[in-house]
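First comes the structure, then the notes that go with it.
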Amino acid sequence: MTHSSVNASSDPDLSHIGPRDKAEILAQALPYIRKFHGKTLVIKYGGNAMTDPALQADFAEDVVLLKLVGMNPVVVHGGGPQIETALNRLGKKGHFIQGMRVTDDETMEVVEWVLAGQVQQDIVGLINQAGGKAVGLTGRDGGMIRAKKLTMLDKDDASKEHDIGFVGEIVSIDPSVVKALQDDAFIPVISPIGFGENNESYNINADVVAGKLATVLKAEKLVLLTNIPGVLNKAGELLTDLTAREIDELFADGTISGGMLPKIEGALDAAKSGVNAVHIIDGRVPHAMLLEILTDKAYGTMIRSH
């Protein structure tokens, strides 16, 4: 492989950057701002960046800045920890099959309330406070995300199916409501909830929603904020620049496994479907998203379509 790698344990604290370095960063940003002016960026917001108040404020400022310099950010958010907290308060114990939460009627009500009523509105408020014009949506709004029940096959017996309730997979995405908001200078903030043919709600993996939405919007970039530095090789080094073909090789040799699989699969699908670049970024680093997109510095892994 020809990819670049760096030590993933390098100090991510940016507070030591002096005035001269800050000026250099601003100068580096100009060609990127020109290049991406008018382009759409879909951002999956999750992990520590959603729970640390300082990182929340940094994220909101970054999104507003991207909009102000002429880009079109679209935010898709998760909310697993917040859902877990709400269910615990209600005394409802989670039941999992092969790592997936079984989502019955009552759980789905909680999921919808937490994602669309709490988490989404917190994000909208932060972006607006930072000077942006954010609007909260779910996949129901404008008939955006049509979904169906996710079929889960038993990992040991493919002829056996597990019923995991109102966990959905995407049937289609109509991006017209998102495009209309972008045209009016708004920043869409989307909860990953779809609707079925009988108007039932489905909880959908936010990484999957972000990837599919980036594809249908013909986004320039998909940005995934995570709790890890990016894609690591077997020596624990950060791989900063990969092609879709190289990602396939990392799947094949077992370098990418476990909890990173669904995230990387979604990123790979987007890269293969026309999204020019996918960035997997350490959301624990203040302003890492801006630095990754607008400078020559690598603060995560970039997966290129070719």
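Just so you know, glycine gets a Cβ as well, placed from its N, Cα and C.
Since this is a predicted model, take the numbers as computed values, not measurements.
Matching Asn198, Asn199, Asn203 to the substrate binding residues that Swiss-Prot gives (Gly79, Gly80, Arg101) identifies Asn203. The two recorded residues Gly80 (substrate binding site) and Lys44 (site 'Transition state stabilizer') have their Cα atoms spaced 13 Å from each other. Across the structure, Gly79 (substrate binding site) and Lys44 (site 'Transition state stabilizer') place their CA atoms 11 angstrom apart. Taking the centroid of the Cβ atoms of Gly79, Gly80, Arg101, Asn203 as the substrate site, the other same-chain residues with Cβ within 8 Å of it are Gly78, Ile83, Glu84, Val111, Leu115. Residue annotation for substrate gives Gly79, Gly80, Arg101, Asn203. The furthest Cα pair among them is separated by 13 Å.
Contacts of Lys44 (site 'Transition state stabilizer') defined by a Cβ separation under 8 A and a same-chain sequence distance of 6+ are given as Val76, His77, Gly78, Ala206, Asp207, Ala210, Leu222, Val223, Leu224, Leu225, in order along the sequence. Once Cβ contacts within 10 Å are tallied over all protein chains shown, the recorded positions Arg101, Lys263 are led by Lys263.
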